[in-house]
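*Asks:* Okay, so Swiss-Prot annotates it like this:
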| type | residues | note |
| --- | --- | --- |
| BINDING | 16, 18, 36, 39 | Zn(2+) binding site |
């Protein structure tokens, strides 16, 4: 590797909005993240329900698409 052309690779602290922090390595001075393994719903087991039904209905209404018949 050539000398002097690569960025410095430092040990940093990554901070999450939930207050959790951990050490990592990066070329950046610091990293802030919105979610981490301590607060992400997949890891905590707390699932958030998304309002996708309202979005689908709004899409169908906007483009005049009839709802598909339900299979019985």
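In case you wondered, yes, glycine gets a Cβ from its N, Cα and C as well.
Show me how these features fit into the shown structure, please.
*Replies:* Sequence-distant neighbours of residue 36 (Zn(2+) binding site): residues of the same chain at least 6 apart with a C-beta under 8 Å from its C-beta are 14, 16, 18, 20, 22.
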*Asks:* According to DSSP, which of helix, strand or coil covers residue 18 (Zn(2+) binding site)?
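*Replies:* SS state of residue 18 (Zn(2+) binding site) = coil.
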*Asks:* Beyond 16, 18, 36, 39, what residues of that chain have CB atoms within 8 A of the centre of the Zn(2+) site's CB atoms?
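*Replies:* Near the Zn(2+) site, the remaining chain residues are 17, 19, 20, 33, 34, 35, 37, 38, 40.
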*Asks:* So for residue 39 (Zn(2+) binding site), how many other CB atoms are inside 10 Å of its CB?
*Replies:* 16
